[in-house]
């Protein structure tokens, strides 16, 4: 059975690293909304053109456009064996859209992996990246904004019965051991 996953967690929680392990071991397609946006912009698709208008104005791209881009990507053949969404959904409205879209296509979210890491460790990891724009103030703001966005999604998927909270503050191998345990027990 296809494994359809959502990765949640604050910046620095290790989602990308764990996603790489999952792709390697489970042959699941990793779908990043950033990649979807870049592809639509580069290919100058109709959705890309619409998104560009908002982005050029410094505005957030509306859910309808983001949802349409994700739906278009989920229609592609390579996701039949399973997919892993990273960076989507970003809010409860997008989560509701995704559930309906998947249901309409005979699919569902198999599991939502929420990587939980203490703020102090997240801050330390992000500062350790050495990016010029990663000042303590910027990092604290990014964590606060992302926490406000993540908590309703954690609650949404908890109520849906598909949330698996994983302690992302440990060694990579220990975190991945827990990820594998969840994935290997999905029906």
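All residue numbers here begin at 1 and follow the chain in the order shown.
Heads up, the Cβ atoms here are built off N, Cα and C, so glycines get one too.
Quick caveat, the model's predicted, so the values are computed rather than measured.
What Swiss-Prot lists as ATP binding site is 12, 13, 14, 15, 16, 17, 129, 170. For residue 129 (ATP binding site), no same-chain residue 6+ apart in sequence has a C-beta under 8 angstroms from its C-beta.
Look at residue 88 (AMP binding site): DSSP puts it in coil. A 10 Å cutoff on Cβ-Cβ distances gives residue 88 (AMP binding site) a total of 22 other Cβ atoms nearby, all chains included. Annotation comment: Swiss-Prot describes 33, 38, 59, 60, 61, 87, 88, 89, 90, 94, 131, 142 as AMP binding site.
According to DSSP, the region 'NMP' (32-61) comprises 21 helix, 1 strand, 8 coil. If you look up Swiss-Prot, you'll see 32-61 marked as region 'NMP', on the strength of sequence analysis.
As annotated by Swiss-Prot, region 'LID' applies to 128-134.
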What kind of secondary structure is residue 12 (ATP binding site) part of, going by DSSP in three states?
coil
Which listed residue (15, 90, 131, 170) has most other Cβ within 10 Å, given these are binding-site residues:
15
Do you know offhand how many angstrom separate residue 61 (AMP binding site) and residue 16 (ATP binding site) by C-alpha?
23
